[in-house]
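Asks: TrEMBL feature annotations, pasted as is:
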COMPBIAS  229-239  compositional bias 'Gly residues'
REGION    215-239  region 'Disordered'
TRANSMEM  54-79  transmembrane segment
TRANSMEM  99-132  transmembrane segment
TRANSMEM  139-158  transmembrane segment
TRANSMEM  164-185  transmembrane segment
Amino acid sequence: MAYQTFRQEYLQVPPVTRAYTTACVLTTAAVQLELITPFQLYFNPELIFKHFQVWRLITNYLFFGPVGFNFLFNMIFLYRYCRMLEEGSFRGRTADFVFMFLFGGLLMTLFGLFVNLVFLGQAFTIMLVYVWSRRNPYVRMNFFGLLIFQAPFLPWVLMGFSLLLGNSIIVDLLGIAVGHIYFFLEDVFPNQPGGGRLLRTPSVLKAIFDTAEDDPNYNPLPEEQPGGFAWGEGQRLGG
């Protein structure tokens with residue numbers, strides 16, 4: 001019974017979110033079980049371009065460190081905001097969502113050549129948070145019951161939180177920069193005088209991902225409830 005319930009809930013998760021979060025969890029589990037090591041996954045331009053270890057272009061986005069607070073924190077944000085984007089502004093536009101993944105990943109990889117980062121998954125999560133926050137500017141956020149602010153400030157609050165934890169803010173700044181570039185090209189520039197759409201989803205992606213009709217009976221996750229997890233004292237990250 002529990003398995004059937006879990007399976008039903010799992011299949012309710014939209015496909016891109018389901019695939020990415022599952023890949024992250026399975027990669028972390030493989031590292032924990034010592035089937036693979038982080039040294040086989042991290043971003044290394046020399047190994048990629050000189051030794052043709054091209055899988056590193058993908059695997060460096062799948063590992064968020066050993067199981068612990070940082071891993072759970074990142075998984076919660078990755079799952080929640082990836083799902084809200086896919087069920088919100090990208091509802092019925094899976095190909096466009098996949099294209100955003102590819103564009104963001106490519107841009108982040110290019111920037112990664114100039115910064116000393118070996119895993120880019122956390123920066124990618126911040127990118128997703130940034131795009132969601134800019135597309136939902138009037139949502140009020142409640143962070144640990146300590147701060148109340150509008151959604152566009154969320155990436156900066158997370159950067160401040162990382163700073164308090166002693167982490168490098170380069171990761172957050174990279175995610176914010178890539179997220180802003182995508183948001184500007186997709187949402188801002190096309191509406192400017194003389195502007196236009198510079199980002200166009202390739203037809204091959206549309207042929208692959210946008211063939212199935214939208215299910216009218218599907219009940220999407222409401223974007224008015226960002227976070228959706230209790231953070232002590234009954235507070236939620238958003239609400």
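Counting starts with 1 at the first residue shown.
Every residue gets a Cβ built from N, Cα and C, even glycine.
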Asks: Of the listed stretches 54-79, 99-132, 139-158, which one has the most C-beta pairs under 8 A with the transmembrane segment (164-185)?
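Replies: Most Cβ pairs under 8 Å with the transmembrane segment (164-185) come from 99-132.
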Asks: In the same chain, which residue numbers or ranges, 6 or more beyond the ends of the transmembrane segment (99-132), come under 8 angstroms Cβ to Cβ?
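Replies: For the transmembrane segment (99-132), the sequence-distant neighbours (Cβ-Cβ under 8 Å, at least 6 residues beyond its ends) are 16, 20, 24, 38, 41-45, 57, 60-65, 74, 77-78, 81-82, 84-85, 88-90, 151, 154-155, 158-159, 170-172, 174-183, 186, 199, 201-202, 205, 223, 226.
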